[in-house]
Amino acid sequence: MTNPDDERTPLIAAAIPAATAPSAASGSRPYGAATLHPDDDTRETMSSFVVNNVAGESGRKLPQYIAGLAASGGALAAGTFLGWTSPAEIPLVQKQEYGFPISTEDFSWIGSMANLGAALMCFPIGILMKMIGRKWAMLTMVLPLLLGWLLIIFANNVAMLMVGRFFLGIGGGAFCIAAPTYTAEIAQSSIRGTLGTFFQLLVTIGILFVYGVGAAVNVQVLSIICGVIPLVFGLIFFFMPESPHYFIEKNREDDASKSLKWLRGNRYDERAEIEELKAEDAKIREDKITFVQGFKQRATIRALIISLGLMFFQQLSGINAVIFYTTTIFDDANTGLEATAATIIVGVIQVVATLLATFIVDKTGRRILLMISDFFMAVSTILLAVYFQLKEDDASQVANLGWLPVLAVCLFIAMFSIGFGPIPWLMVGELFANNVKAYVSPLAGVFNWLLAFLVTKVFTNLRDALGIAGVFWLFSGLSLLGTVFVFFIVPETKGITLAEIQRMLSGEKVRRSSGHSNPAMEDDEKPETR
C-alpha cells in the first residue's frame, strides 16, 4: 500500500481541511477523509483541477479529460473517412481524377461501403475488448484504417476504392463501440457526459479537416494526409491507461489501482472505488447470463428499446445524406456560394455546436438536448423541403432565396451536433449493464451503421423517386416523430451512476441531486429500497 500522505484525497480549495466524507463500505478509514499537514495545505488547495462534489466524489479531473480525448482520437480518423466523400465526389465522378471512370451509382456504393464495414465490426470489437482490453482493442483498429487508406491512395479501379472504404468502416465502426465504452468506464459520473461527447466532437473535427484540406489538394494527397491520422492516434493512445473495469474483470487489482491513480491523481484514495468495482464484477459473475437470458431482463429490454430508437432517429434524420452530399445540395440550391466554401462553413458550425454540447450536456441533461435537437432538425428539413418544392414548381420563385438552404443546412448541422450527434453514442455506453454490454451494445452499433448504409445508398434513389423536396419532407416527419419518442421513452441519466441507471431501468426509483425528473420512467417506478 502507499503511505498515508499519498492516500489523502485532495479537497476543493474552499474545503475545510479536516472535513470528512461518508465512510466507505470497506476500509479502516473514511473514504475521502483528510488531515492536511500545514506544509501540504497550500499545495492541496491550489490544485485547480480537483473538485469534491456533493456526492463525495473527488479526484483530479484533468487526467480523465486527457485519456478521454486520446481515446476519441479514433473518432478523428472516423470523421476523415465520413467527410471524404464530399470533397472527393466531383473530382472522381466528373473530372475522373484517378484516371478511370466512376459513375454516380459507383460512387454511391463507394460512399456507403464504409457503413457496411462498420456494421460488420460491431460484434467482434465487443469480443476483442473482453479478450485483450479496451485499450489494445482500439489500438488494433489502426491496422484496418491504414489498409483502407492505402487501398484508396493507390486505387486503379472502383473495386479498390470500395474495398478500401470497407476497411475504413471496420476501423471507424469499432471505435464507435470501444471509445464510448472506454470513456464511460474511466470517467467519474460528474464528467461522464462531457467525456462521452468528445467522440462526436472529434468526428466533427475530422469532417471539417477533410473539408478544409480537400479544398486545397487533390483526392490522392488528401487520402495520404488522412492516412497519417490513425498513426498519430496510435502513438498518443499507447501511453493512456487501460480501463480499471477491464483489470477488475481479469482479477488484476493492482493494475486497476494503478489505472485509477493515473486517472484520478496520485493522492486519490482509490480503495473504495476498487471495492465498488470488485463488488460489481462479483455480481456480474454471479449473475452471468447467456445471450438469450440477457433479453429477458427488464433493464436490458428497456435499454435496448431506448438505444435502438435513438439510433433510428439519429440516422433517419438524414444526417449522413446531408454530410455525404453537402456539396451536391449546395450545387442544386444555386446559392451563388462556392460549394467548397459552403461545406467548410457547415463543418465549422458542426465543430462549434458539438464543442458547446461538451460543456452543457452534464449541466442541461441528455433528454432536453435530444428534444431540442430533433425538433429543430425537423424545422431545418422542412425549410429545405419548402425551398426545393418551390424550386421544382417554378425556379424563379427562389431566385432571391439562395440563402435559405444555407441557413437550413447550418441550423440542421448545429442542432444535430448538440444533441442527436453525440448523445445516442454516449447513452449506449451508459444504459447497458456490464453483464450484457458485450452482447447488446454492438446491436445498437450494427443497427446504426446499417441504417447509415441504407440512407447513404438510397438517398440518390429516393431523390430520383420523390424529388429532393420529398426526401426532406420524409426526414422532417421522422424527426418530429423522434421528438415524441424522446419525450415519452428516453430517461434522464445526468448525474447518476451506472449502477443507479440499471436500478432505474429495472423500475426502481432513483434519488437524484440534480432535481431532473424522468417522466419516461415514472409510470411504474417502485419505492426506493434500502
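Positions of Cβ are set from backbone N, Cα and C atoms, glycine also.
Database features, via TrEMBL:
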- 65-87: transmembrane segment (TRANSMEM)
- 67-494: domain 'Major facilitator superfamily (MFS) profile' (DOMAIN)
- 107-129: transmembrane segment (TRANSMEM)
- 136-155: transmembrane segment (TRANSMEM)
- 161-182: transmembrane segment (TRANSMEM)
- 194-213: transmembrane segment (TRANSMEM)
- 219-240: transmembrane segment (TRANSMEM)
- 303-327: transmembrane segment (TRANSMEM)
- 339-361: transmembrane segment (TRANSMEM)
- 368-390: transmembrane segment (TRANSMEM)
- 402-426: transmembrane segment (TRANSMEM)
- 438-459: transmembrane segment (TRANSMEM)
- 465-490: transmembrane segment (TRANSMEM)
- 509-530: region 'Disordered' (REGION)
- 521-530: compositional bias 'Acidic residues' (COMPBIAS)
Would you kindly check 161-182, 194-213, 368-390, 402-426 and say which stretch has the most C-beta pairs under 8 angstroms to the transmembrane segment (465-490)? 368-390
For the transmembrane segment (402-426), name the stretch out of 65-87, 161-182, 219-240, 368-390, 438-459 with the most CB-CB pairs under 8 Å. 368-390
Selection from 107-129, 194-213, 339-361, the stretch that has most Cβ pairs under 8 A to the transmembrane segment (219-240): 194-213
Confidence over the domain 'Major facilitator superfamily (MFS) profile' (67-494), expressed as mean pLDDT on the 0 to 100 scale, is 85
Is the transmembrane segment (438-459) in contact with the transmembrane segment (65-87), using three or more Cβ pairs under 8 angstroms as the rule and ignoring pairs under 6 apart in sequence? no
When you scan the chain for residues with a C-beta under 8 Å from the transmembrane segment (368-390), skipping those not six or more beyond its ends, what do you find? 310, 313, 317-318, 329, 332-333, 357, 360-361, 397-398, 401, 404-405, 407-409, 411-412, 415-416, 418-421, 423, 467-470, 472-473, 475-477, 479-480, 482-483, 486-487, 490
Do any residues of this chain, six or more beyond the ends of the transmembrane segment (194-213), have a C-beta under 8 angstroms from a C-beta of it, and if so which? 64-65, 68-69, 71-80, 82-84, 86-87, 175-176, 179-180, 183-184, 186-187, 222, 225-226, 229, 323, 340, 343-344, 346-348, 350-351, 354-355, 357-359, 361-362, 417, 421-423, 425-426, 429-430
Same chain only, please: residues at least 6 beyond the ends of the transmembrane segment (107-129) with a C-beta under 8 Å from a C-beta of the stretch. Say none if there are none. 81-82, 85, 89, 92-93, 137, 140-141, 144, 158, 161-163, 165-174, 176-178, 181, 246, 320, 324, 437-439, 441-443, 445-446, 449-450, 452-453, 456-457, 459-460
